[in-house]
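Undergrad: Here it is: the structure, laid out below.
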Amino acid sequence: MNEFKQLSWQGLWKNNPALVQLLGLCPLLAVTATVTNGLGLGLATTLVLIGSNATVSIIRNLVPNEIRIPIFVMIIAAFVTVVQLLMNAYTYELYQALGIFIPLIVTNCAIIGRAEAYASKNPIGYAAFDGLMMGLGFTVVLVLLGAMRELLGYGTLFAGANLLLGDWATSLKVTIFTTDSPFLLAILPPGAFLGMGLLIAAKNILDKRFERMFAAKQEAKVVQRARVTAET
């Protein structure tokens with residue numbers, strides 16, 4: 001498996017920042033009441049990851065080891081500021097909905113963790129791709145959790161997509177059922193904890209199933225090899 005495939009596998013599944021490392025849970029649990037909010041925060045985090053990883057990789061040989069962490073945090077803060085200003089300019093209503101959790105991207109341990117553990121030790125191409133895959137892995141979890149909570153809480157999917165994608169996205173809204181009052185357990189933080197627990201449990205179940213399938217295939221290969229050897 002080459003490096004790019006390994007980075008994709010690590011970011012999207014095996015070492016997913018939300019489901020495995022359990023990083024960035026504060027914004028993940030707080031703003032994922034809808035798919036749109038989750039997707040908006042996920043894309044913002046992904047842009048910061050790509051930019052900060054690439055920059056850290058470029059200057060990795062110039063930064064004194066003793067002060068590398070403060071410098072990495074300053075780089076991350078700079079990219080968060082850029083993303084914040086862009087959202088303020090082009091997606092203002094979504095910017096207001098996400099509120100304080102956009103600047104709090106600076107404190108996301110997944111970002112500083114990747115800058116320290118990977119970007120500071122690898123070339124820019126690998127570092128940027130690592131940021132992309134980690135960001136996409138985080139975004140997928142945000143979107144799935146947002147979809148679960150929005151569906152159970154409001155009976156809709158992609159409500160408010162126009163806040164992120166423009167007026168044309170208004171037609172993306174899907175109404176599964178109508179309700180006079182939302183299901184509060186789903187749209188409040190307790191529902192986020194329950195939904196996150198279900199996603200983690202589902203991943204663990206799939207991992208164990210894949211391990212059993214792989215073990216069975218390996219055992220079948222060993223038996224086949226032994227049979228061929230015995231026949232010869």
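For all residues, glycine too, the Cβ spot is worked out from N, Cα and C.
Annotation source Swiss-Prot lists transmembrane segment at 18-38, 39-59, 69-89, 93-113, 128-148, 182-202, citing sequence analysis.
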Undergrad: Quickly jot the same-chain residues contacting the transmembrane segment (182-202) by Cβ under 8 Å, restricted to those at least six beyond its ends, or write none.
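TA: That would be 18-19, 25, 28-30, 32-33, 141, 144-145, 148-150, 152-154.
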Undergrad: Near the transmembrane segment (128-148), which residues from the same chain, at least 6 beyond its ends, have a CB less than 8 A from one of its CBs?
TA: 4, 7-8, 10-13, 16-19, 24, 28, 32-39, 41-43, 45-54, 57, 110, 114, 118-119, 122, 157, 186, 192, 195-196, 198-199
